[in-house]
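**Student:** Sending over a structure as structure tokens; questions will come in a sec.
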Amino acid sequence: MWMIKPPTEHPKESQYRPVLESLIPRDPMSRFNLQRSSPKDEFPNLDRNHTTMGRILNLHMYTRQFNRATESGVIFDDIIRPGLEDLGQSTGTKAVGCLAGDAQSYILFCDFFDRIIESYHGYKVTSNAVQESDFNYDNLKGGDDFDQAYALSCEVTAARSIEDYCFPTHCSRGERRQLLTLAKTVLEQLGEDLPGKLYSIDELSHESEDRRVVMESPPLSLIKIGVARDWPDARALWLSKDGTLAIWVNMEDHLKLVSYRSDACLQEAFKSICVNVQKLETLYKKLRHPFIWKPHLGWVVSSPAEVGTGLKASVTVRLLNVAENKGLDDILDRLRLQMEATSCPGIYKISNLQTIGFNEVELTQLVVDGVKLLIRMEKRLENNGGIDDLVPAQK
């Protein structure tokens, strides 16, 4: 009979083992006692789900993510819940169908988020890639010369998230209030160069002479994605006195800058965003709460549909004939743009779909060039002409 010799016991090892084991970080998932069945039993029904998440997610991927949790307690079901509440549409604007609960979500659930980003943006995330930024608005060519008979207005937005805080779908009341306190400090300093005023959501529930924004209840879009908890606690809107800039606090993201112009001068709207997002970045850094940035993802925000630059540039355009063209989807795909119907017939909002893989100037340039081309097409079609020679050969 073979005798197995017991392992040698070392007194010091026995003495210090508990100490060494206590230094090993605990798996966050071990802190929970979630009453859940197997991944197969918990897998959601995605039959009528038209989001990017619904197309990407399968049982194998769900099983791999099932027992993971970030340090702040975000589990995979939290990530995909927005896409289960809002199933998206089979036609029209693409819905991404998922939101990160914190910055660590993009790391822990990277095999899911990387595929979402690749499918939504057409951009493959790699570890050696670096997302570039360019806030030099002088590099933008055009944007101030749209045909006013077609281009009606424009808007540029930029989202940012603050280091060390969970994102709106997962943050606590305390975190949200701390973020508002930080924003008050920063916006007061921003007001030295650009005078403005901060309004709580309660103040926005009634009309006022010094602003035109009224918000009586949370928008349905916020309710569906789960960021309207404890409404209206610690949400606010800062408005510049000259009307060139608005900054939302604790809505879809920690901060969202919006520059809207009724004259469709995209160049000036872009300039306002570039100047003020850099000022905010400097002010937050001074408070030791920088914006979240990762080399391979760029500016990290809650939605994978906006990572990279966090920037969306849009122009509202009258396109009665182009909208009816059978090749429109292919044209938009080649221009890297998306087209969203408004409440007015024949009026559409044209914006960049991709936010990663290009810098801020390049993305805005895509919108400028694309809108000009679509207006040229509209004029041709009005005169019963063809547009085949105007369609780009490729992306």
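Backbone N, Cα and C atoms are what each Cβ position is placed from, and that goes for glycine too.
Model, not experiment: these values are computed from the prediction.
Annotations for this protein, taken from TrEMBL, read as follows:
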- 153-157, 312-316, 340-345: ATP binding site (BINDING)
- 35-122: domain 'Phosphagen kinase N-terminal' (DOMAIN)
- 150-381: domain 'Phosphagen kinase C-terminal' (DOMAIN)
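Context for these features, please: burial, neighbours, distances.
**Tutor:** The Cβ neighbour count for Glu340 (ATP binding site), using a 10 Å radius and every protein chain shown, is 12.
Taken through DSSP, the domain 'Phosphagen kinase N-terminal' (35-122) splits into 42 helix, 2 strand, 44 coil.
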**Student:** Looking at the binding-site residues Ser153, Thr157, Thr342, which one has the fewest other Cβ atoms within 10 Å of its own Cβ?
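**Tutor:** Each of the binding-site residues Ser153, Thr157, Thr342 was scored by Cβ atoms within 10 Å; lowest is Thr342.
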**Student:** What is the total of other Cβ atoms whose distance to the Cβ of Glu155 (ATP binding site) is within 10 Å?
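**Tutor:** That number is 20.
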**Student:** What number of additional C-beta atoms lies within 10 angstroms of the C-beta atom of Val315 (ATP binding site)?
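**Tutor:** Result for Val315 (ATP binding site): 29 other Cβ atoms within 10 Å.
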**Student:** In the structure shown, with every protein chain counted, which of the binding-site residues Ala313, Cys344 has the densest set of Cβ atoms within 10 angstroms of its Cβ?
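**Tutor:** Its Cβ has the most other Cβ atoms within 10 Å: Ala313.
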